[in-house]
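*Asks:* Got a structure for you, written out below as structure tokens; questions coming shortly.
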Amino acid sequence: MASPNTESSALPIYTRTLPVDPEQIGTITFTKPNNFLSPWTFTPSTSDSGANLLAAADALQSSLYPVAFPTETVYGLGANAFSSAAVQGIYTAKQRPSDNPLIVHISSLDMLRRILDPLGTNAANGTECIPPIYNHLISTFWPGPLSILLPLPTGSKLAPEVSAGQPTFAARMPINILALALIQLCQLPLAAPSANASTRPSPTTAQHVTHDLGGRIELILDGGPCTVGVESTVVDGLCTPPAILRPGGISIDQIRQIPGWQDVTIAYKDTTTSNAPRAPGMKYKHYSPTAAVVLAEPNTPWSQIWQRIVHDNTCKTVGILRSRTWPDISSIQGGVAPSQCFSGSASATVYNGDGGHHKLQVFSIALGRATQEIARGLFAGLRELDLLGVERIYVEGISERGEQGSDDDDNDDGAAAAAVMNRLRKAASEVV
Ligand code: TXA
Ligand code: MG
């Protein structure tokens, strides 16, 4: 059995990246059409994608190295949630603080019931063990980017490292078909944090995972870029009133529409509340590239940011992550005379108006105007600017309520916007 070497001097291991095409993995058979909340089965195909998915399932059952796999939100780093040794492998690979609990990923409600009812008592009595507060939430948002807190049952078979000292565990059923099929194939709940090295931006492509964890894990399933781009919303329905512990792919407004959830409170830190974070992970440095991130509040005029950049003689390479109002770098007038312009970047001698000047290189990435495009590209943009070696990244903030007049579904828009600003506030060393 392959097991991770916990010594920091350990030789790097060979990391294989296996491509999987969601169209080619195999056949799903439902008991109710297109319904993953009722029993369903998966038969892998004989194609390369089917074989690669099987190889990943096999590794999750037999190796102590975690496996990276795509979900709709971000790439996860999965391990058998029942095995302490396997879950410890996640903490080792990520260098994650040991008091930050993990989300358990499931592919069916029966899998969740087996976790909640380890002694089979409810099953024998025919009683439901999923707390009723979650009924409507699950039927509306699962599978999808929502994680719910559940009580750790007496005699729990989950590895203690999953809940990391909490009396609860978080569970979610992802909607990404590769993730669902993988869990269904190994018939194991998978503990899976985001597959980045601790403190780094979450990975939204297999290449991001390779960058952070190559040489530290054996297997990465490459299913292409994630569609949502920010992590799941984490909710606690075990307290009264229920609480949102982390904003994510499902919006607060969407959750408020669910019976029993009208009075849901916000228990994460943002500009509107000073509550301490109750998801342990939210207190750590997070989502951060190597470069210092300067977050501009929404509607900060570009001219104000540009003046800062121009007058900062200490910083010679600057990254810009723009979305709705900031201009294309090649159209910047006044303070800069681009000597060289190529896609998204300008080299310039900057005259700062005090008679002084300094050389500056600016790399600009346009995330797009739509909130969901911004969410999808956010972590990738931060990572790309880091790879270009910029010293400081200026990010154009967006309204937490989403884009007015958006063509997108309003709720999805608000969810993505709140999550984007939450992640940026955590990544930023300065907010202007
Ligand atoms: O979208 C997602 O949720 C991704 C993908 C891979 O599914 N996963 C993810 O995991 O973001 P991670 O470990 O990066 O974030 C999990 C968050 C942390 O803030 C953690 O503190 C919180 O969920 N959490 C997990 N279990 C908890 C518990 N029992 N009580 C309170 N917070 C918990
Ligand atoms: Mg994470």
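One is the number of the first residue shown, and numbering goes on along the chain from there.
Cβ coordinates come from backbone N, Cα and C, glycine included.
Quick paste of what TrEMBL says about this protein:
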DOMAIN    50-250  domain 'YrdC-like'
BINDING   Thr73, His105, Arg172, Ala192, Ser232  L-threonine binding site
BINDING   Arg96, Asn100, Thr168, Ser194, Ser202, Arg246, Tyr287  ATP binding site
*Asks:* Spatially speaking, which of the binding-site residues Thr73, Arg172, Ala192, Ser232 is closest to Asn100 (ATP binding site)? Use C-alpha to C-alpha, please.
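*Replies:* Smallest Cα separation from Asn100 (ATP binding site) among Thr73, Arg172, Ala192, Ser232: Ala192.
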*Asks:* Neighbourhood of the L-threonine site (Thr73, His105, Arg172, Ala192, Ser232): other residues with Cβ within 8 Å of the Cβ centroid, in order?
*Replies:* Thr71, Gly76, Ile103, Pro145, Ser147, Pro174, Ala179, Glu231
*Asks:* Pick the one among the binding-site residues Thr73, Asn100, Ser194, Ser202, Ser232 whose Cβ has the fewest other Cβ atoms within 10 Å in this structure.
*Replies:* Asn100
*Asks:* Rounded to the nearest angstrom, how far is the Cα of Ser232 (L-threonine binding site) from the Cα of Thr168 (ATP binding site)?
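*Replies:* Ser232 (L-threonine binding site) has its Cα 17 Å from the Cα of Thr168 (ATP binding site).
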*Asks:* Running a distance check here. Ligand 1 versus the binding-site residues Arg96, Asn100, Ser194, Tyr287: which have CB less than 6 Å from one of its atoms?
*Replies:* Asn100, Ser194
*Asks:* Could you tell me the mean pLDDT over the domain 'YrdC-like' (50-250), as a whole number?
*Replies:* 97
*Asks:* To the nearest Å, how far is the Cα of Thr73 (L-threonine binding site) from the Cα of Tyr287 (ATP binding site)?
*Replies:* 14
*Asks:* Which binding-site residues, if any, among Thr73, His105, Thr168, Ser194, Tyr287 have a Cβ under 6 Å from ligand 2, given in order along the chain?
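*Replies:* So the answer is Ser194.
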*Asks:* Sorry to bug you, but what's the C-alpha spacing from Ala192 (L-threonine binding site) to Arg96 (ATP binding site), rounded to the closest Å?
*Replies:* 12
*Asks:* Other than its own, how many Cβ atoms are within 10 Å of the Cβ belonging to Arg172 (L-threonine binding site)?
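*Replies:* I get 29 for this one.
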